[in-house]
Amino acid sequence: MAPTRAIPKSGLTLGVIGCGNMAGAILSGVLDSCARSQAAGQEPKISRFIVTVNSTGSAERVQTRFARYSDRIQVTAGENVRAMREADVVLLGFKPYMIDLVLRAEGVREALAGKLVISVLAGSPVEKLHATICHAGPPAADEQPFYIKRAMMNLAAEYRESMTVLESTPSMPQEYERITEWLFSQLGKTAPVAPELYDVAGVMAGASGALLSVAFDGMLDGAVSQGMRRADATKILTQSLVSLATLLQNEHPAILREKFSSPRGTTIAGLLSLEEDRARYAYSKATIASSERSKEIGNAN
């Protein structure tokens, strides 16, 4: 299926509606990537950024954060519809509870006609977003459709080390798929997932860092109780997690645990302690709870 409007191969305008933690991380990573492309003598894929936030104070904070990119970024308080109208690609980065306020506004549907809309809103299915934008009724025969792509990444996007899951969208024009893949590949790695698995995949990508930080913090507390300085323990454990991530790309965690464990050793003693306290079950339960909460938010009216 071909795009319903011509999309230039470079020099795109990205409209960012809302600039919270996730949208800010995306903006930081993509701005950096485009700046490096320009420095290398290449025309950046995205040359202009329009960011909208709720208040003047928020606009000033965003302007300060991205001051070195002031030649390509425009930040405004409000003016969501104008940003959508002027953008080639629109990123929805506001809080999920604001969906009705933002997407039911007069002119939104017309501003998005024929465009790629990328949503990083948790618990907000494509069907819900589409219905909200088209609340006034079914499209006219000559109305250009808009295309919604859901994505969930983590805050490491700012450092180009994120994992982003992209919900499969069979009806999406290939050019829009390529733009989405390019955008998130600037922030790290990507993985396509089926719509029915998006909620749990979103937890794996977006919430797992917060869940695992509990284990990280607990290990630090244990090290401090045994006499280590927290800063020293943090340095050691951080690199150990980087090492573990490398190992897990090639081996099953159960095999790694077996390799780490020696008879009567320190590792097996720690593993048995975790089993006694049902740590594995606690993390399974937390993953399920986060996934179910995402579904609940999506099903809420």
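Each Cβ is built from the backbone N, Cα and C atoms, and glycine gets one as well.
Caution: TrEMBL annotation is automatic and unverified by curators.
Annotated NADP(+) binding site per TrEMBL: I17, G18, C19, G20, N21, M22, in sequence order. In this view, N21 (NADP(+) binding site) is surrounded by 12 other Cβ atoms within 10 Å of its Cβ, with every protein chain counted.
TrEMBL lists N80 with the feature NADPH binding site. Within 10 Å of the C-beta of N80 (NADPH binding site) there are 25 other C-beta atoms, taking all protein chains into account. Taken residue by residue with DSSP, N80 (NADPH binding site) is part of a helix.
For the domain 'Pyrroline-5-carboxylate reductase catalytic N-terminal' (14-123), the model's pLDDT averages out at 92. The domain 'Pyrroline-5-carboxylate reductase catalytic N-terminal' annotation in TrEMBL covers 14-123.
The feature domain 'Pyrroline-5-carboxylate reductase dimerisation' is assigned by TrEMBL to 196-296.
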**Fill in**
For NADP(+), residues beyond I17, G18, C19, G20, N21, M22 with C-beta within 8 angstroms of the site's Cβ centre include exactly V16, A23, G24, G93, F94, K95, V120
**Asked** To which of the binding-site residues G18, G20 does the lowest count of other Cβ atoms within 10 Å belong?
**Response** G20
**Request:** State the three-class DSSP label for I17 (NADP(+) binding site), counting H, G and I as helix, E and B as strand, and everything else as coil.
**Result:** strand
**Request:** Whole-number Å only: compute the distance from the Cα of M22 (NADP(+) binding site) to the Cα of N80 (NADPH binding site).
**Result:** 18
